[in-house]
Amino acid sequence: MSLKSPRLDAIVIGAGLSGLQAAHDVQKAGLSCVVLEARDRVGGKTWSLPCANGKGVVDVGAAWINDTNQSKMFALTKRFGLETITQRTEGNCLAHDVGAFPYGGIPPFLGDDGENMRQVRDKIEELCQKIDLRKPALENYDTMNFEELVRHLGGKEVAFQTARVWTKAMLGCEPSETSALWFLDYCKSGGGLMQTRSDMKHGGQYLRIKKGTQSFSKGLAAALHPGSVLLNTPVTNIQQTPGDCTVITKSGTVFYSKKVILSIPTPLYKDITFTPPLSGAKLALTNSTKLGCTSKMILCYEKPWWRSQDLSGMTQSFRGPYTITRDTSNDSAGHYSLTSMPGADAARAWGTLPAHERRAQILAQVAEIFGNAEEAYRPIEIFEMEWSKEEFSKGCPCPVMPPNALSNWGFALREPFGGVHFVGTETAYEWKGYMEGAVRSGERGAEEVVLALGKLADSGISAKL
């Protein structure tokens with residue numbers, strides 16, 4: 001026998017940052033709202049785990065913000081009284097099989113490979129800046145994948161392999177798996193290719209949070225009315241009749257509302273039965289978009305041994321299994337770590353190995369890149385997260401569009417379907433794939449619902465997001 005709830009103004013599905021922000025704004029407008037979360041925790045892809053020695057936490061998911069053009073996240077940082085760590089860029093970076101180079105520079109590739117890579121990078125940056133985020137369109141660029149664009153721009157093998165580093169590290173996909181236009185649009189949402197990839201001021205990876213980024217999700221959840229978040233409550237069905245929504249969970253509990261805000265990635269829409277079925281464009285999106293395959297293996301050490309070699313801890317590899325590393329230490333807590341990030345095909349192959357082999361491969365790769373460093377083999381703790389194997393994520397950081405999807409169905413990405421509204425970092429206009437994009441999308445979804453229910457004037461919510 002099913003259990004039934006009273007009729008609510010809104011039901012939010014998913015307690016990640018976008019869903020929690022949406023719920024926060026809906027309740028702020030004086031509307032009734034609950035959040036249904038499939039996992040046993042809030043946070044979605046923000047997940048912070050304590051170190052065994054009590055010295056700090058690690059973020060196995062989203063990790064970076066900045067304090068300038070990511071205004072929503074920095075406002076939450078101040079609201080919740082969170083301390084930040086500036087991402088370390090002091091010291092040289094390392095390119096696998098190539099050698100050391102200063103942060104912001106180009107690896108010392110042989111011959112004219114470095115200059116060719118720079119020329120291709122600059123041409124891609126120029127194309128990024130031509131994108132209108134509200135109406136992304138560049139003639140022919142959605143008919144080709146990003147690999148084809150790099151070749152079209154004259155990229156030689158090193159330029160192509162560098163482009164692979166970009167898509168693998170940023171999206172967990174190969175260049176051939178994403179539309180060139182969609183990739184340009186993704187980069188423009190963070191200000192451009194260079195700014196999105198940057199660890200400097202204004203860049204995508206400038207600041208980390210001492211207590212971990214899940215603090216944002218926990219803070220938003222705590223700000224909701226008591227009992228608003230229901231964990232271990234996966235949704236299986238969303239049914240609509242004019243003016244009413246019925247949400248049915250796996251356990252058989254039935255919730256009634258005027259509106260639903262769905263905060264899950266587009267490929268996961270197919271895990272829910274919609275009655276009536278989703279529109280043709282929405283179905284095309286859920287069937288064509290693909291979640292990236294990004295994993296993390298975080299190696300914790302007694303000391304930051306790489307710094308004694310005047311190294312920043314940042315590395316990149318064309319070979320794999322990991323694509324990049326960063327120094328993710330919290331010096332004030334005595335926590336020192338290197339975070340490695342396998343992505344795309346290399347991560348998929350690596351993920352099929354037994355746990356001990358996965359660890360052995362990463363340790364060996366770190367040791368080799370850092371000059372056969374014996375210290376690499378002596379971590380005091382290792383954290384591992386494969387987001388593609390997490391039941392309610394199935395990938396990370398966000399869905400990727402293949403060629404022709406953005407042009408044909410992109411208009412439907414944020415379009416409500418009856419009483420169902422859609423949020424999530426992939427739907428953001430600014431900082432797609434980042435926590436900033438998630439929060440901005442949650443604000444947009446809440447505004448849509450509050451406006452539709454006639455409460456915007458009383459809510460204090462800005463109509464300009």
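Each position is counted from 1, following the chain as shown.
Just so it is clear, glycine is given a Cβ too, placed from its N, Cα and C backbone atoms.
All TrEMBL annotations are machine predictions without curation.
Database features, via TrEMBL:
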DOMAIN    17-449  domain 'Amine oxidase'
BINDING   SER18, GLU37, ALA38, VAL235, GLU426  FAD binding site
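Features per TrEMBL, on structure.
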residue: SER18; record: FAD binding site; Cβ within 10 Å: 33
residue: GLU37; record: FAD binding site; Cβ within 10 Å: 26
residue: ALA38; record: FAD binding site; Cβ within 10 Å: 20
residue: VAL235; record: FAD binding site; Cβ within 10 Å: 23
residue: GLU426; record: FAD binding site; Cβ within 10 Å: 26
Mean per-residue pLDDT in the domain 'Amine oxidase' (17-449) works out to 98
Of all the Cα pairs drawn from SER18, GLU37, ALA38, VAL235, GLU426, the residues the record ties to FAD, which distance is largest, in Å? 21
